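Participant: Below is the structure I would like to discuss, written out as structure tokens.
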């Protein structure tokens, strides 16, 4: 309801109020729990009332529990408090991990009222001074069980818990009676609530699969910090504390691993002994066998259908082929008949042309012209077709001698002109083929600019990098790009094409190329004065000495030179004289010159291979 306006003021409505909207609200958390309880009980109670009811029920449970006197309490050693049963000390061995905090506090209060040193002292009992009295064990028990973290650590190593795993022989006899309590006992370690039950023989496949999936992915909160052999609080320094923590972590991890192996062994044993799994596997096997059988039958039917269709297609193809062959045979016979008729007609017309020309004495006055015209008539008989021969014979039959001669000469001129055009076309085709062959000898688009220097460099590179060299054609292309004077960049593809073209050349062309290269080499070396390499070989030789042997080195001479280089190292006196003595037909100058060439070839080969390796890495 709107407030009334004050005296002297007016109430003004700026906008109309929006219509009410009904919104559906779903309870969550503890309110949802209260909602479910109200719905199940068919009562309308508030959350607070339900909570008070729950608290009151817990209090009634606390009032109902009874303490069990621990007979060995007075004999406990306070120094060995870690090995005592804290629940038994407080009189809660029957509740253990199910005991609430209120029950633990009530039990502690009751046992303190009975065993406190002041109470016992007032009753005339002899009291041990300090922490040596058994009452220290009660203090340690309430200290452990009242702290949730310490209580969980103690519950993890509960001395009354049975860690045993049934064997397969036990499980096969009474599977449900043996394994059901074991899984219920180990379910207390699960971090997740609503642990699935083992079930019965009537359980469905989904229930059994859900059960084993849960336990194969079991998440345990059990930890073993209570069994730490060393307490880090007793450490004297930080390093010792870290060392203790490291040892404790390692021992906890080992015990945790053993615990998970125990759970896995339990699940594996139960799975192998579960009669339901065997039944499900047999059903699955039977289902697969039936599916396989049905699939095989369907495949067999499909193959039979395909075979029938294939046979029908083959039969149709055979009939069509026979029909086609018959038609082709008839067509061939018809064509043969027509060809024979045409051949006879042509032969008749040719004979008619020869007879007519012969009757006219081949339109010549002397023997020489007559023989020449006879040749031209035979040419007409060979070149003219049936229609042309018929037209010509009609003209010769109806016309005079002069008209007949003019018609024959005109036909001869046309035939000679046609022959001339054919010869010219043939010459042009030969020239085009020769030009294409010469163009292809240049390596196509990649072979532009191949001069004699590049050809000789290619031949040298092919001999320098023989077959078997790693990335041979890339290495040859890099070698040519480094040493070529034309400035053209060659790719491996260009080099391969050119090398193939050189292989296809005639031996005479190869000899001509090698001859030109030798003449160029001789010309260049005749104009340049001989120079001495100061680097390799290490010893100098006199340029004014003997001219040496200009013949190429043979394989045997090369082997002898290599062996001599190994036999006489650089430090050998008069090395090159001894090397030359081991190679027959070669002097000192020849050996040193050959050594220098080999060094240059090795350097060039290494440089080309390094470039290819660098490009491949990029």
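Using the three backbone atoms N, Cα and C, a Cβ is placed for every residue, glycine included.
Pulled these features from TrEMBL for this protein:
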- 85-158: domain 'J' (DOMAIN)
- 282-343: region 'Disordered' (REGION)
- 405-439: coiled coil (COILED)
- 545-599: domain 'Myb-like' (DOMAIN)
- 552-603: domain 'HTH myb-type' (DOMAIN)
- 553-603: domain 'SANT' (DOMAIN)
Participant: List, by number or range, the same-chain residues at least 6 past the coiled coil (405-439) whose CB is under 8 A from its CB atoms?
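Facilitator: Distant Cβ neighbours of the coiled coil (405-439) are 357, 360, 363, 373, 376-377, 379-380, 383-384, 388, 392, 395-396, 399.
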Participant: Can you count helix, strand and coil residues in the domain 'HTH myb-type' (552-603) using DSSP?
Facilitator: 37 helix, 0 strand, 15 coil
Participant: Could you put numbers on the helix, strand and coil content of the domain 'J' (85-158), residue by residue per DSSP?
Facilitator: 52 helix, 0 strand, 22 coil
Participant: With DSSP as the yardstick, break the region 'Disordered' (282-343) down into helix, strand and coil residue counts.
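Facilitator: Result for the region 'Disordered' (282-343), in helix, strand, coil order: 62 helix, 0 strand, 0 coil.
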